[in-house]
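**Student:** This structure is in structure tokens; I'll ask about it shortly.
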């Protein structure tokens with residue numbers, strides 16, 4: 001048994017430690033996920049004017065502050081009892097900002113953080129087993145996905161074409177959000193009651209132009225075919241089976257024309273998603289298409305016990321078809337992204353936020369029991385000696401709490417949302433894996449779901465911009481501070497990485513008495529609970545083989561691709577899941593005490 | 001922050017004398033914005049960046065780097081969106097957009113960066129005038145430098 005620890009995990013956002021045990025067969029048998037920092041934002045909000053929340057909670061991180069701004073506004077609108085009055089055009093504006101942020105985040109994760117994993121040197125050797133085809137494919141992967149300042153064996157590799165052009169689009173997306181939100185990150189527009197800025201006709205024109213440029217990138221690099229054709233045959237396919245047939249048919253054509261020439265370039269028709277879809281999966285690539293080699297991502301990051309995992313989506317994007325207002329607790333029923341709890345056996349159930357609890361038996365907090373976030377506390381342990389990341393799975397080992405839904409750990413994010421909305425390509429591919437005797441949810445489907453969600457949202461976004469937004473409409477409603485007395489509010493929404501909830505309570509002085517945020521990476525990177533059930537990333541790591549392509553070329557614990565790919569596929573963002581401490585040496589007694597700053 | 005805030009202290013010095021800076025000079029606090037800084041690197045003829053550096057020389061010493069030095073830099077932090085370093089941003093900018101023809105980085109050797117403080121240490125504080133003078137020299141505004149030194 002070998003301990004393989006990655007600390008910090010790179011190409012994610014924030015500070016994340018993964019400690020694993022790997023057996024002599026190269027299989028991960030145990031895993032602990034540790035968030036390395038304490039998040040004190042909730043304590044900052046106590047005793048403040050509740051209106052500050054939509055400004056302050058955004059500061060948790062610069063990656064998805066838009067989602068925190070809107071979730072916080074939702075919680076405040078529930079608290080003040082004005083959610084049913086929020087003007088339609090304010091809701092449309094928020095939908096536009098959120099979708100831009102989600103697309104930006106997905107594009108960044110896919111191109112800048114995850115696809116560079118495909119050019120890990122281990123795959124040069126894996127693909128070399130497929131002779132000339134493998135060598136040509138490896139060159140093409142480097143040409144597309146090599147990150148900045150990349151070296152293999154001391155030789156500099158220029159950054160990949162897709163990588164560099166995606167960063168250009170990321171810049172454009174940030175600019176687009178700033179155009180209507182004041183700035184990005186940490187926007188100024190979303191406040192409870194509406195938005196502070198009315199997008200002008202000129203803004204709509206600019207957003208439309210930016211969108212066109214984004215779609216040029218998508219058609220040229222991501223898809224290799226026109227996006228409408230892609231979505232007509234996948235997202236709008238008449239059944240999951242038809243969606244898979246379209247994709248496998250498309251990949252079959254590409255494969256047939258490329259196998260003799262060994263040309264896997266963009267000009268040969270291979271979009272980035274085609275590369276991922278064909279070579280990422282053993283079932284699709286090797287078993288169905290007959291390719292000689294694959295990354296086998298569909299065999300990693302799976303869950304072994306359906307009873308111990310669920311998939312959760314709170315729903316997002318306001319339904320703007322019916323005019324003003326929304327119901328803070330029911331909007332997931334009609335929204336673009338649906339609210340749902342899906343069991344590990346993929347059974348859909350109605351979502352009820354009262355079934356959410358958080359506990360801290362393995363986290364560096366005091367408190368017992370499973371509290372609903374309305375009753376939750378953020379009380380860190382006070383003795384610095386208790387903060388030990390090496391204590392193993394029986395001890396406290398992380399700053400991330402353990403959220404559960406009906407007692408079950410849940411994966412959140414694109415895969416949960418795509419299952420909740422029964423997206424045909426995602427569910428079709430999952431069926432394909434199940435039908436072939438393999439787990440339906442894995443690293444491969446997580447990545448495909450993220451790209452597919454980005455494509456679907458890009459299409460929806462432009463409808464909000466050009467059809468739904470009326471620049472002459474109303475954008476806010478007045479509020480009365482007295483309405484915040486002795487009240488409470490729930491804000492449910494979806495950040496790029498998954499389900500995001502804010503819960504607020506106020507006292508007789510209308511000030512915040514409690515504020516709790518349960519964020520996407522808290523769900524995904526959760527530690528064990530009091531029953532010893534590991535969190536989703538921990539479960540996904542356990543059983544995964546440590547080295548490239550299912551240990552195809554042997555075990556290499558110094559390049560644990562299985563840990564890297566599996567955990568990164570969740571797009572972990574630790575800043576949001578945790579925050580900062582000031583560790584101080586106190587007096588001569590050798591007792592260390594820390595203050596929260 | 002502590003000494004890591006050297007750039008902000010330089011900006012405050014420059015802002016105080018804003019009226020005396022040439023009209024075509026813009027002073028920007030780029031924060032810690034990583035790739036978001038890409039938008040700030042465009043449209044200038046000349047760009048002067050002030051940042052902190054550790055482990056190159058004596059505390060308070062000022063190093064002048066140009067783009068070529070950045071290109072040659074061999075060790076680079078791994079890419080995390082929260083850990084994108086200045087060199088990463090500049091190299092990326094070269095790949096995706098126009099960058100100013102003249103790009104100068106004044107890197108100030110700092111001491112403490114883990115203090116939760118808005119103050120900089122004495123030895124870094126002592127270099128402040130020299131940094132500002134160097135910037136003004138780069139701007140070629142000798143008259144302004146003269147006025148500044150007299151103050």
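Keep in mind that glycine also has a Cβ here, set from the backbone N, Cα and C atoms.
Keep in mind that what you see is a predicted model, and the values were worked out from it rather than measured.
From TrEMBL, for reference:
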- A:42, A:517, A:579: Mg(2+) binding site (BINDING)
- A:61, A:64, A:573: Ni(2+) binding site (BINDING)
- A:64, A:576: Fe cation binding site (BINDING)
**Student:** What's the CA-CA gap between residue A:64 (Ni(2+) binding site) and residue A:517 (Mg(2+) binding site) in angstrom, rounded?
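**Tutor:** That separation, Cα to Cα, works out to 14 Å.
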**Student:** As a test of the contact definition, list every same-chain residue at least 6 positions from residue A:42 (Mg(2+) binding site) whose Cβ is closer than 8 Å to its Cβ.
**Tutor:** A:378, A:515, A:516, A:517
**Student:** Measure from the Cβ of residue A:61 (Ni(2+) binding site) and count the other Cβ atoms within 10 Å, all protein chains considered.
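**Tutor:** Its Cβ has 27 other Cβ atoms within 10 Å.
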**Student:** Would you mind pulling the DSSP three-state label for residue A:42 (Mg(2+) binding site)?
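**Tutor:** Once the DSSP labels are grouped into three classes, residue A:42 (Mg(2+) binding site) ends up as helix.
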**Student:** Can you give me the same-chain residues 6 or more apart in sequence from residue A:573 (Ni(2+) binding site) with a CB-CB distance under 8 Å?
**Tutor:** A:12, A:13, A:14, A:61, A:63, A:64, A:497, A:520, A:521
